[in-house]
Each structure stands twice: as structure tokens, then as C-alpha cells.
């Protein structure tokens with residue numbers, strides 16, 4: 001007799017069929033915020049059936065000129081597909097080595113185009129089309145995490161010491177103070 005796969009035994013820990021179901025990704029998210037975008041994530045936190053499966057997904061809605069700001073997923077690679085509109089997307093290689101620059105990889109994506117953002121690298125998406133845009137992202141983790149760079153650096157509580165930020169960004173203290181005083185919108 002053939003034994004059941006290890007994945008099946010993990011799945012049987014769930015209590016009901018609702019652990020494997022989530023509705024609502026057909027509905028647009030509210031993009032009337034200062035970024036003009038909203039991310040609707042589906043991960044192990046709101047779909048328990050993803051536990052141990054190593055996958056998750058998200059719907060990203062963009063108003064005209066909407067931005068999903070520079071961010072990173074520390075625990076997962078992201079693959080993005082455009083379902084509506086036109087997006088300018090990109091990621092930056094970081095810490096490439098001696099005498100090398102952090103290289104930016106960008107592309108304009110249209111309906112049906114796919115782009116991959118490697119795990120842990122800072123990336124972004126900007127709606128450059130004349131209409132709203134929609135994209136879906138698949139992630140290689142049940143909970144890839146998200147760190148929005150500006151929010152983390154300038155919106156921390158308590159704030160990061162001005163001496164650290166003025167030296168790191170090589171700008172005047174007034175610039176840092178102005179950035180730290182802003183409200184940093186979280187579109188996730």
C-alpha cells in the first residue's frame with residue numbers, strides 16, 4: 001500500500017475547508033491614499049491552509065501614477081504579472097562587491113507581462129499608464145514579509161538618531177527632520 005505524502009499529513013492539521021479558501025481578490029482595493037496604491041495580501045496570516053506550502057500571493061491596485069514604493073521581501077522571491085494597465089518596475093542589486101555599483105534593473109510592463117524580483121532585493125512598481133492598473137504577485141513563501149524602505153528608515157518609533165541618518169544619506173539634519181515628521185503611508 002502506498003503511503004500518503006508528507007504534505008498531506010501536514011494539511012490534515014487544518015480544521016475546516018475554510019482554512020483553504022479566501023474570496024474577494026476580484027474586488028479593487030482603495031487607492032485613494034498618498035501613494036495611489038494598495039496591496040491585498042493572501043498569506044498564512046489570513047489563509048491558514050498556506051501553512052508549510054511555501055507560497056502566497058497579493059493583488060496590487062494602482063491609481064493613475066500610483067506607486068508601490070521601494071520595499072523588500074526578506075523571506076521570498078516575487079513574480080509579478082500585469083492584468084491591467086502599464087507599470088514601470090524595477091529592482092536594485094545590493095552590495096555587488098568591490099568597485100561595482102548597485103545596478104538597477106527596470107522594465108515597462110504591459111498586459112500579460114511578467115517580471116521577477118529576487119528575494120530580499122529592494123524593488124518597486126509605478127503605474128505609468130493612462131488608466132488604473134492591476135497586478136498579481138506570487139511569492140515563494142507562506143509569509144514573505146514586507147519592509148517598506150522609507151517607512152522603516154524615516155517612520156520608526158522612536159526615530160533613528162539624526163546623526164546616523166545624516167551621515168548615512170549625506171544630507172543636512174533639516175532634511176532628515178522633515179522626512180521624519182512626515183506621515184509614512186503603509187499600502188500593505
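Going from the start of the chain as shown, residues are counted 1 onward.
For all residues, glycine too, the Cβ spot is worked out from N, Cα and C.
All annotation found in TrEMBL is predicted automatically rather than curated by experts.
Database features (TrEMBL):
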- 23-177: domain 'Cupin type-1' (DOMAIN)
- 68, 73, 78: oxalate binding site (BINDING)
- 71, 73, 78, 123: Mn(2+) binding site (BINDING)
**Request:** Find the average pLDDT over the domain 'Cupin type-1' (23-177) in the predicted model and report it.
**Result:** 96
**Prompt:** For the recorded oxalate site formed by 68, 73, 78, which further same-chain residues have Cβ atoms within 8 Å of the site's Cβ center?
**Reply:** 58, 71, 72, 80, 117, 123, 137, 139, 144, 146
**Item:** For the Mn(2+) site built from 71, 73, 78, 123, further residues of that chain with CB within 8 A of the site's CB center
**Value:** 72, 91, 117, 121, 122, 144, 146
**Asked** Given residue 68 (oxalate binding site) and residue 123 (Mn(2+) binding site), what distance in Å do their CA atoms have, once rounded to a whole number?
**Response** 9
**Fill in**
Here the Cα-Cα span from residue 73 (oxalate binding site) to residue 123 (Mn(2+) binding site), rounded to a whole number of angstrom, reaches 9
**Request:** Taking the Cβ of residue 78 (oxalate binding site) as the centre, count every other Cβ atom within 10 Å, in any protein chain shown.
**Result:** 25
**Prompt:** If you measure residue 123 (Mn(2+) binding site) to residue 78 (oxalate binding site) at Cα, how many Å is it?
**Reply:** 10
**Asked** Sorted by position, what residues of the same chain at least six away from residue 71 (Mn(2+) binding site) have a C-beta under 8 A from it?
**Response** 122, 123, 124, 146, 147, 148, 149
